[in-house]
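Peer 1: One structure follows; several queries about it will come next.
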Amino acid sequence: MTPSNPTRLGSTALLNPAFSLKMMVWALVFLSLIQCSTQKGDDDYEDYTSNKTWVLTPKVHESDVTLILNGLLEGYDNKLRPDIGVKPTVIHTDMYVNSIGPVNAINMEYTIDIFFAQTWYDRRLKFNSTIKVLRLNSNMVGKIWIPDTFFRNSKKADAHWITTPNRMLRIWNDGRVLYTLRLTIDAECQLQLHNFPMDAHSCPLEFSSYGYPREEIIYQWKRSSVEVGDTRSWRLYQFSFTGLRNTTEVVKTTSGDYVVMSVYFNLSRRMGYFTIQTYIPCTLIVVLSWVSFWINKDAVPARTSLGITTVLTMTTLSTIARKSLPKVSYVTAMDLFVSVCFIFVFSALVEYGTLHYFVSNRKPSKDKDKKKKNPLLRMFSFKAPTIDIRPRSATIQMNNATHLQERDEEYGYECLDGKDCASFFCCFEDCRTGAWRHGRIHIRIAKMDSYARIFFPTAFCLFNLVYWVSYLYL
């Protein structure tokens, strides 16, 4: 038997019409499979540009998300917290401070704008899908359980609703839930104004659960510190932001022990406004009151009007300074400064009143009256220890001693037991009516203005030195 040629057999098979048709069918089937595979790949992946790099990511179908949400909410009771009766729900909190201010010292409150975030695990919201996280808006908030967090020292709080409610909800496939919202809060801050306006304060923002005690809900900080925005845009005006700190504590009440989270914002007051409005004007008024010491003591209208004007001005300044403060019962640093300035101004007016009283109410000398009545006494007046007042000068004889004094330093107090009381004012009431006693303290009337020119500025400078060192450095 002659063996067949393989090449001839292959050629014969190719020429067979049935075999050719069979090969064409297989080729069409193969091409169809390739086309279907390509279309399926295009449907399951979509292209997006990120930094000019093409990446293929899975498409999320709207129907898939709807099915997941419907499955999660089926039989879900939003009135019950996660793990109820098993273990406490741990709430991880975080805060971003958008702005602080203004601070209202009269009402003792401040305004703060924050983004508040809470994260917890709810096993009832676990789902199996290629979608790792569901990014939802505020419409889903009312359908799941949300912590009943409230701000304990809040006087007023507003949630932002423009253009839509500023709330966000995220649900991960492992049951983790993130809930954030934006709030503007008017919080209470008890200001201690003893050192006003050189005071510093630590204003708290406290929050906790309203109805769940520590056995039900535990709050924890997600990060060790709270993040803040650009402080240059904050409307603090009279204050400077110096830092913050966050704490966790347990507060015991009649309804249970609650975990309270607190953020303390440290603020220090700027003195520029009060220096211009109060301190400098008060200092200038005090200095202005010293001008009367250089005015002639006989210029009664000038010195009196100057003293009264400065006193009234100080009263007005003290009233204006108090308008920016609450009606506290204790004395502030500014009250002390204004009060001392008022005392200095009032003392300057009292000094002139004292001087004018003893100058204008001088008594004529008895020896002088006798000389006017008896011409013989005037002729032999050099033999007796009397006072002889002349138009330009006066000769005072004390114990056979002669002293020449100017006319403007003479006053008509009579001498006691031969002593010269005419040029002195005794600090004791019985000086002009009683006997002379050795060791009395005397103040020279004519030199009161001279003494005041030195005493008042020196005392005021010493007060300022002690005042500023005590409040700024101690």
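Quick reminder: no glycine exception, Cβ is built from N, Cα and C everywhere.
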Peer 1: If you check Swiss-Prot, which of C203, C282 bonds to C189 via a disulphide?
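Peer 2: Of the candidates C203, C282, the one Swiss-Prot pairs with C189 is C203.
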Peer 1: Looking at 102-121, 162-181, 302-321, 422-441, which one does Swiss-Prot call transmembrane segment?
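Peer 2: It is 302-321 that Swiss-Prot describes as transmembrane segment.
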Peer 1: Going by the topological domains in Swiss-Prot, would S129 and S329 end up on one side of the membrane?
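Peer 2: The record shows them together on one side of the membrane, with a shared topological domain name.
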Peer 1: Taking the transmembrane segment (334-358) as the reference, which of 275-295, 302-321, 451-471 gives the largest number of Cβ pairs under 8 angstroms?
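Peer 2: Ranking 275-295, 302-321, 451-471 by Cβ pairs under 8 Å to the transmembrane segment (334-358) puts 302-321 first.
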Peer 1: Give me the Cα-Cα distance between N266 (N-linked glycosylation site) and N246 (N-linked glycosylation site), rounded to a whole Å.
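Peer 2: It is 11 Å, counting Cα to Cα.
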Peer 1: Summarise the topological domain 'Cytoplasmic' (296-301) as counts of helix, strand and coil residues per DSSP.
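Peer 2: Counting residues by DSSP class gives 2 helix, 0 strand, 4 coil.
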Peer 1: Can you tell which of the recorded positions C189, C203, N246 lies nearest to N128 (N-linked glycosylation site) in space, using Cα positions?
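Peer 2: So, spelling it out, the nearest of the recorded positions is N246.
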Peer 1: Averaged over the topological domain 'Cytoplasmic' (296-301), what pLDDT does the prediction give?
Peer 2: 88
